[in-house]
Amino acid sequence: MGNLKIYPGKLSGEVKIPPSKSMAHRAVICAALGDGVSKVTNIDYSDDIIATIEAMSSLGAKITKKEDYLEVYGINSPENIKANSVKEQRTIDCNESGSTLRFLVPIAALFDGVNRFVGRGNLGKRPLDTYYKIFDEQGIKYSYKDGILDLKTEGKLKAGEFKMEGNISSQFITGLLFTLPLLDGDSKIVITTEMESKGYIDLTLRAIKDFGVEIINNNYEEFIIKGNQIYKSIDYRVEGDYSQAAFFFCADALSSNIVLNDLKLDSLQGDKEVIDILQRMGLKLNNKDNGLIGSASLGLKSTIIDGSQCPDIIPVVSLVAALSEGTTEIINAGRLRIKECDRLAAVTSELNKLGAKIIEKEEGLIIEGVKELKGNVEVWSHKDHRIAMTMAIASTMCKERIILKDYECVSKSYPQFWDDFKNLGGVFDEWNVGE
């Protein structure tokens with residue numbers, strides 16, 4: 001992978017926020033489980049979304065990329081799922097997408113035969129014990145290899161009661177919420193501890209409802225799921241992504257002048273929390289030309305940030321905290337250690353290289369604000385898209401240019417990030433060792 005030399009300078013202009021990766025995963029899956037032909041518009045073909053498209057294709061959906069939309073011929077009704085099941089081995093390549101893996105493991109258990117899940121990067125280190133416990137209880141066969149993703153499952157999921165802790169990744173609960181309505185009997189998911197990442201569950205329930213499936217949510221303590229339901233085929237537009245918008249909201253908080261377009265103001269996305277966090281720190285938001293623009297003319301102040309409901313935005317809000325007055329504490333963010341990299345360690349290491357003062361804790365960060373970042377150093381993305389984009393926004397506040405190693409990893413979630421960064425006035429060029 002390559003290196004970029006990125007020069008200081010504020011960003012200015014308008015940016016169309018890319019489609020929500022979280023909603024695109026859900027739309028593709030619901031459409032692929034549907035009873036006819038769906039059309040999904042405003043979709044971005046990031047590496048993770050391609051992984052989900054190809055995974056659902058391997059289960060029998062026919063998915064075609066058109067010029068400006070995705071055409072999805074669904075696997076069809078529960079009866080047709082049974083009729084189309086063939087006892088065979090199918091390989092489901094999740095690439096580096098944790099969402100694809102955890103969403104698809106129970107969905108694949110709708111089918112007879114052997115399912116083999118493979119992937120790359122840190123995906124083999126993502127825990128799947130929650131599913132293994134269910135497999136043990138239901139007699140579903142499985143085998144796996146330590147350290148890499150090579151999981152084989154054989155056996156069909158049965159309806160029933162599923163007890164799950166609320167502090168696990170919401171991806172496990174989402175995977176079951178997709179699958180259980182298609183089983184013969186009724187099911188219940190019982191949450192045994194307080195639910196974290198409620199926003200992601202809300203997104204799942206919204207998508208499922210949009211596609212015609214009903215699930216009763218009893219205050220996130222239990223979910224009641226009738227069996228033998230059918231996903232309807234619909235036309236679906238994916239809304240803008242607040243987890244990607246977070247980078248530009250944070251840039252505005254740090255004195256850039258960016259208008260963010262194509263965001264749904266009543267979105268259920270958990271990462272919309274970035275607005276509340278930045279407003280507590282001093283950001284003022286205004287409407288401009290049907291978009292949003294922020295500024296912090298009175299300065300930024302510290303706050304306490306709970307990472308349990310919005311883990312993906314923690315790297316970039318840590319950057320804002322590093323340049324705010326006072327000491328910010330980030331809590332309940334231990335899950336960041338098992339993302340594409342250990343994001344708590346990566347944020348601490350790379351921002352401290354730039355002159356930040358961050359202390360890493362087991363479940364979070366202590367960030368003492370500084371007045372400026374120095375630059376003239378080499379930082380590393382850790383091959384993590386969110387770390388790479390955080391470093392790009394950090395460069396706008398540095399006194400001197402920085403060199404970012406392994407910048408291409410943004411393709412995982414935001415393939416056109418560097419184009420948008422350049423169009424907003426960001427200045428960078430390729431850099432080779434020895435120059």
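Here the Cβ of each residue, glycine as well, is placed from N, Cα and C on the backbone.
Just so it is clear, the model here is predicted, and its values are computed rather than measured.
Annotation comment: Swiss-Prot describes Lys21, Gly98, Arg126, Gln171, Arg343, Arg386, Lys412 as phosphoenolpyruvate binding site, evidence class sequence analysis. Look at Swiss-Prot and you will find Lys21, Ser22, Arg26, Ser169, Ser170, Gln171, Ser197, Asp312, Lys339 tagged as 3-phosphoshikimate binding site, backed by sequence analysis. Feature annotation from Swiss-Prot assigns active site, proton acceptor to Asp312.
Features per Swiss-Prot, on structure.
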| residue | record | CB count, 10 Å |
| --- | --- | --- |
| Lys21 | phosphoenolpyruvate binding site | 24 |
| Arg26 | 3-phosphoshikimate binding site | 28 |
| Gly98 | phosphoenolpyruvate binding site | 20 |
| Arg126 | phosphoenolpyruvate binding site | 19 |
| Ser170 | 3-phosphoshikimate binding site | 24 |
| Gln171 | phosphoenolpyruvate binding site | 20 |
| Ser197 | 3-phosphoshikimate binding site | 22 |
| Asp312 | active site, proton acceptor | 25 |
| Lys339 | 3-phosphoshikimate binding site | 22 |
| Arg343 | phosphoenolpyruvate binding site | 26 |
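Neighbours of Lys412 (phosphoenolpyruvate binding site), defined as other CB atoms within 10 A of its CB across all chains, total 23. Neighbours of Arg386 (phosphoenolpyruvate binding site), defined as other CB atoms within 10 A of its CB across all chains, total 31. Here phosphoenolpyruvate is bound by Lys21, Gly98, Arg126, Gln171, Arg343, Arg386, Lys412 per the record. The longest Cα to Cα distance in that group is 19 Å. Rounded to a whole value, the Cα-Cα separation of Ser197 (3-phosphoshikimate binding site) and Gln171 (phosphoenolpyruvate binding site) is 9 Å. Following the DSSP three-state reduction, the secondary structure of Ser197 (3-phosphoshikimate binding site) is coil. Put simply, Gly98 (phosphoenolpyruvate binding site) is 13 Å from Arg26 (3-phosphoshikimate binding site) when counted between their Cα atoms. In terms of Cα distance, the binding-site residues that sit within 10 Å of Lys339 (3-phosphoshikimate binding site) are Gly98, Arg126, chosen from Lys21, Gly98, Arg126.
Of the recorded residues, Arg386 (phosphoenolpyruvate binding site) and the residue listed as 'active site, proton acceptor' place their C-alpha atoms 8 Å from one another. Arg386 (phosphoenolpyruvate binding site) carries a helical DSSP state (H, G or I).
Between the alpha carbons (Cα) of Gln171 (phosphoenolpyruvate binding site) and the residue listed as 'active site, proton acceptor' lies a span of roughly 14 Å.
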